[in-house]
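Per Swiss-Prot, the feature region 'Disordered' maps to 1-22, 333-445, 458-485, 534-584, 685-707, 939-964. According to Swiss-Prot, the domain 'Protein kinase' annotation covers 26-331, on the basis of sequence analysis. The ATP binding site annotation in Swiss-Prot covers Ile32, Gly33, Lys34, Gly35, Ser36, Phe37, Ala38, Thr39, Val40, Lys55. Taken from Swiss-Prot, the feature active site, proton acceptor applies to Asp169, supported by sequence analysis. The compositional bias 'Basic and acidic residues' annotation in Swiss-Prot covers 374-385, 469-485, 561-577. Per Swiss-Prot, compositional bias 'Polar residues' is recorded for 387-403, 421-437, 537-553, 943-952.
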Amino acid sequence: MASAHHSRRPRETSQTSQSEMSVGRYTRLGQIGKGSFATVYQGVHTKSRTYVAIKSVNLSQLNKKLKENLFSEIHILKGLYHPHIVALIDCHETTSHIHLVMEYCALGDLSQFIRHRNTLGEHRYTRDMIAKYPNPRGGALNEVVVRHFLKQLASALKFLRDRNLIHRDIKPQNLLLCPSPTSYRAGVAQIVPFKGSEDSFSPATGLDSLPMLKIADFGFARSLPATSLAETLCGSPLYMAPEILRYEKYDAKADLWSVGTVLYEMVVGKPPFRASNHVELLRRIERGEDNIKFPPENPASDDIKALIRMLLKRNPVERMNFADFFESNVITSPIPGLIPDDTGTLRRPSADLDPLGQNSPAEPQPSPGAAAGSRREKDVSREDQITYPQRTTAQTPRSGTPPSSVPMRRGGSADKAPSTPKDTATTYPQRPSTVSHATAPGRQELLDRNATTAAMERQRNRHTFGPSQHERPVDKAKEEQERAAQDVAFERDYVVVEKRAVEVNAFADELAHSPRIQGGFTRNAQTGAISRRATVQGPQTTATSPLASNTKAMQVFPGRSRADSTHARQSSYERRYGQSPTSATSAISKALNMASGRLFGMGFSPPMAITKGGRSPPLAYNPFPAYPAAQPTLLPIGDGSKTNATLDEDAKTVQVIEECATRSDVVYGFAEVKYKQLIPLAPSVPTDPSGRSSLPGGYREPSDSTDGGLTVDAVVTLSEEALVLYVKALSLLAKSMDIASAWWNRKNRVDVFGDSTINRTDASMTVVGSRINNVVQWVRSRFNEVLEKAEFVRLKLIEGQKRLPPDHPSHPNNHSIGSSLGSGASVDVVVSPGVTAEKLMYDRALEMSRAAAINELTGEDLSGCEIAYVTAIRMLEAVLEEDEMPSTAGDKADRKDGEQTMLDSVQAEDRQVVVKLVSSIRGRLTALQKKLTVLAKRPTGSLGKTPSSNLTPVAHAVGATPPR
């Protein structure tokens, strides 16, 4: 057990169970789930022994955007006190983590409740509910239960709307359930949850005899008045409003679409629209033309169906508004079909609704100087957590209140008769404050639930309340497969522009933790592919895991290619929303490349032809080779080498990923030249004779006095050029991740289906996987670095443009409305006409190749000439690089072999110019390499004299170049 020492800043323990530690007045117990950047633990108050959920967020690998997300969540939760909203009880901080103490909900989330509805009658918490209100044939939940949950959801949403808050991620996984108040009073529960407020477990509406619903996870919530519009991509795809899928501005009505999808799922048992990607999802919504269909045998009432149809209007203008929703008959009228015992038990907010029904000693209210986040504490209902026999893994935790998969019981406390407490004051204690902000903890993955029928049967054997051991195993397996496909086919939680960074880190973490990559992948001769699949089914949840930023995006990955899925799912990296985290398959890639208008709110005026002269001032840039150690020659791709024909599919994938990463490294090096001229030199940093810094990084916030003597116009020029180059580098890095992700999904799919055409040994898989993992980890590190620097440069550009004369074309007052692609961003960035990454790269490659040709003719620095040629080729290949993977095999087949890396945005005539230049440089490179080979064989041969050069090498951090 962790130390009972209570401190403001919890200290990690070194005992055997590293998850146990002191968090203020709470003891953090075992892990019950893991999400993106956050691990959820069960916790207990060290004095009252009441239970909480502690979300521990790792701060070490989080970017600024995600930290703002978590800070926003904490800030919002501080001011929310409502029975149907999960409360933030306390907040504690260490140097590496921030710990959020949340209310504990024992019944899991609504998605699990619906999914396992056929076994609810066998659990003591829901046995009485099913006896009174059995689930209908042809439907999901009994309409009484549906209306009960909807009333409570509407109560919480009205509370949010009164405060101009929009949740932006309403979905069954974020709707948590607690045992009914009557189950507490009957002494059924054995775990006592800690109350966030006096009425935390007293429903504001609905029935006392049914489970209580709470909204959780406010990582995407924001203040949005009724007349305001937003444009950030947030929410879960299956429950996302079509206006968000279309990248249009939206208002609070987006939440009402999500409510409609949740209501439909409660009635039917599945979401109204399902697809393998966002584009297909939007297509199906549009194709439906607001004609919401219900299964013929579904017994839902006309009122419920009409409400769903009014909520699921594609056009937000036609969609029901909040006022009409809150005043609808389904919300305001009594629930029909109640049994006599439940008639007249509709609950309203009051002070006598204590779930325990007994007086609990309250701790004195702490003074303002007490530990941050100190709150009034009381014992509450003795509550057990529900486990579902079909699940083969731990219960999916949700923000703040996930139960563990094994009920925790306290002896001697189960059957104690409760009593009723006195009324309490309506004054609420203050929410805890936090000193620093962490990134938004990601949602926990949806773990695989149906590896095999045998695994399901074994899981049933572990539960005394499960169905009969001999009951319909085949049917249950099919049912689980169908539901798993529904859950995982499109279970990408975070759909936000900044999410690309999360996804990159997620996939890198997945590979780093995979036992297959680490050599732990083993075959079972008896169970075959299914057994092998089970070895990578769930995430690694050890407390000693070196990488803590495991996002949902990462942990959903294995399940995304499970055999039982009925969807042709694509990896999250194949979806770029005009940004990873989707062209019609990927909108984020368009924003990352073109250059990531949505990511940086950046607009572009029409680019000039890349063959024209650039406006970049003379810059010192020294070419460098990528992958110098492991590459036998410096020949670029497409050189006709016969060895390519002998490479198997995995080796080809490795080569493509490494080459794409290499091109990104070349572009990054060029961007660094621009970037370093914008960064002031630290006093302790040595300089070269030209006075230029040799540091690979070390930037800090801009100020008027830190421009190093540059004019305002020069600052704007450098910022624009650095920004477009960084964005180009990001697009190439993202593509590397896309390719690796597709390979990983393909490997998992092959293992599940047991494809006999792939005959690869475990050792070979480990070698290939390790090599890809090395590149992926490098890409992750570089992506995060470039993202931060691009944001810095963007801010620098905005600052510089504001300092320009009012009549300057680049002054913000002179930007045309149509010139900005980032109209939804808080601050738009417009780049001057002609400033494109492709043009800058072309000009630089041409300059380098010409200089190298002159040196080659004079016999000077031949090895440097080789490097210059290779770098120029790589840079031109990056110009021609397609920023999105072909969405279909037909797309790839339509391209000639030599044009598969062409960029559609480059004009055809300009493309031909680049292709000819690449061919010319390759010819010179081949001739030079032959010359170098001959010279190398001469005992006293020289590779040419080293010329004096005015080019300053671009410094790179140790290990900065892509590994092989």
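Using the three backbone atoms N, Cα and C, a Cβ is placed for every residue, glycine included.
Keep in mind that this is a model prediction, so the values were computed, not measured.
When the neighbouring Cβ atoms lying within 10 Å are counted for each of the binding-site residues (Ala38, Val40), the highest count belongs to Ala38. Distance between Cα atoms for Ile32 (ATP binding site) and Asp169 (active site, proton acceptor): 23 Å, as a whole number. Residue pair Val40 (ATP binding site) / Asp169 (active site, proton acceptor) shows a Cα separation of 20 Å.
Separating the Cα atoms of Asp169 (active site, proton acceptor) and Ala38 (ATP binding site) is a whole-number distance of 18 Å. Its Cβ placed at the centre, Asp169 (active site, proton acceptor) has 28 other Cβ atoms within 10 Å.
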